[in-house]
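According to Swiss-Prot, the protein has these features:
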BINDING   R31, H134, T349  substrate binding site
BINDING   G109, Y110, S180, D205, E206, A207, H208, T236, L237, S238, K239  pyridoxal 5'-phosphate binding site
MOD_RES   K239  N6-(pyridoxal phosphate)lysine
Amino acid sequence: MGAPTQIPIETSPLAWLDAVERQRRDAGLRRSLRPRPPVGTELDLASNDYLGLSQHPDVIEGGVQALRIWGAGATGSRLVTGDTELHQQLEAELAEYVGAAAGLLFSSGYTANLGAVVGLSGPGSLLVSDAYSHASLVDACRLSRARVVVTPHRDVAAVDAALASRDEQRAMVITDSVFSADGTLAPLRELLAACRRHRALLVIDEAHGLGVRGGGRGLLHELGLAGAPDVVLTTTLSKALGSQGGAVLGPAAVRAHLIDAARPFIFDTGLAPGAVGAARAALGVLKAEQWRPGAVLQNARELADICDVPETPQSAVVSVLLGDPEVALAAAAACLDAGVKVGCFRPPTVPAGTSRLRLTARASLSPDEMELARRVLTDVLLGPAAARR
């Protein structure tokens, strides 16, 4: 039998990528990877290491000890071989810290959101999501097979109207507690009241609230709403706790259900022991060094003053609106050239016309570092970028 006939392919099936790349480049929306050195040579105002714990010696030692005891990997799904005492200890301690009855670890904050939203909804459910909800919550809504209503940012009346007009038996309201792009706070008390009027569940992503608001325990705890039976929290271990992983925190019945029903939990390898050990140690540091959350907010306020941002920051995030993506890129590059690394948010991360510098404060910023930030940010924002603000 002869060799199969080769049909020539005149056009690569990936040729369309070239056109997409050109469009992104022309719009100033290309992204690239830039490895960071093991010892930073620039002032970091871009990472999510809010409490400065990723390099804390106790946190590193917690990860090292877990590696020595449990090995490098979890070795499998937590339902098979990937569960350890360490995982369950962190779940219990984190739940107690935020005032929840129980917790369940996931491999990231992203998968925690997928697991919670998809696992607690499905066909015949209504999901009401804030327009600025994190991408992981957006993707969870898409995967849920539920009907989804996206409401304007922080618009409680729109949420109430969506719940009031529903035909579905089950409903869920989804929001960040602290919105990542601009650092604004969700109206959690009002959202919970709307949920209770219409028998809906409230799911809150505390990724940017944990370690910063409520003395570290999160915005829900700060408002006196922790432990509510109709609220589920999600969070990440990769921001304030300086490690990696995610968690769903809420009633014990939710934990039990997600173990049975959350596909990102069932079919994913358990969180690596080193990450669990580091996060557990970080939680211990957060409890012991209670000055850290307040220092984050104080440093954020100082950064906002430097950048002439009129709103008082309510979180670690300071958003400097520049509008045009090319202007934002140029400003971020100028800061980096001067020794200060800042975030640069452009579409599709933020809406068109709202490209910005995103600064994140850390508890561990020294007076000398704040002075460097003042000098560089003032020079950059009073330069070419200022004309476009």
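These residue numbers are counts, starting from 1, taken along the chain as shown.
Just so you know, glycine gets a Cβ as well, placed from its N, Cα and C.
What you see is a predicted model, and the numbers here were worked out from it, not measured in a lab.
This view paints the features noted in Swiss-Prot onto the structure.
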{"residue": "R31", "record": "substrate binding site", "DSSP class": "coil"}
{"residue": "G109", "record": "pyridoxal 5'-phosphate binding site", "DSSP class": "helix"}
{"residue": "H134", "record": "substrate binding site", "DSSP class": "coil"}
{"residue": "S180", "record": "pyridoxal 5'-phosphate binding site", "DSSP class": "coil"}
{"residue": "E206", "record": "pyridoxal 5'-phosphate binding site", "DSSP class": "coil"}
{"residue": "L237", "record": "pyridoxal 5'-phosphate binding site", "DSSP class": "coil"}
{"residue": "T349", "record": "substrate binding site", "DSSP class": "coil"}
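The binding-site residues listed here (R31, H134, T349) include no residue with a Cα within 10 A of the Cα of K239 (pyridoxal 5'-phosphate binding site). If you take the Cα of H208 (pyridoxal 5'-phosphate binding site) and the Cα of R31 (substrate binding site), they are about 23 angstrom apart, rounded to a whole number. Inclusion criterion for the binding-site residues S180, E206, L237: a C-alpha placed within 10 angstroms of the C-alpha of H134 (substrate binding site); this criterion is met by S180. The record assigns R31, H134, T349 to the substrate site; their largest pairwise CA distance measures 19 Å. Shown in sequence order, N48, H134, L210, T234, T235, G246 are the same-chain residues outside G109, Y110, S180, D205, E206, A207, H208, T236, L237, S238, K239 whose Cβ sits within 8 Å of the Cβ centre of the pyridoxal 5'-phosphate site.
Each of the binding-site residues R31, H134, H208 was scored by how many other Cβ atoms lie within 10 Å of its Cβ, and the smallest score goes to R31. The binding-site residues in question are G109, S180, E206, L237, T349, and the one with the fewest Cβ neighbours inside 10 Å is T349. When other Cβ atoms within 10 Å of the Cβ of K239 (pyridoxal 5'-phosphate binding site) are tallied across all protein chains shown, the result is 26. Residue pair S180 (pyridoxal 5'-phosphate binding site) / T349 (substrate binding site) shows a Cα separation of 10 Å.
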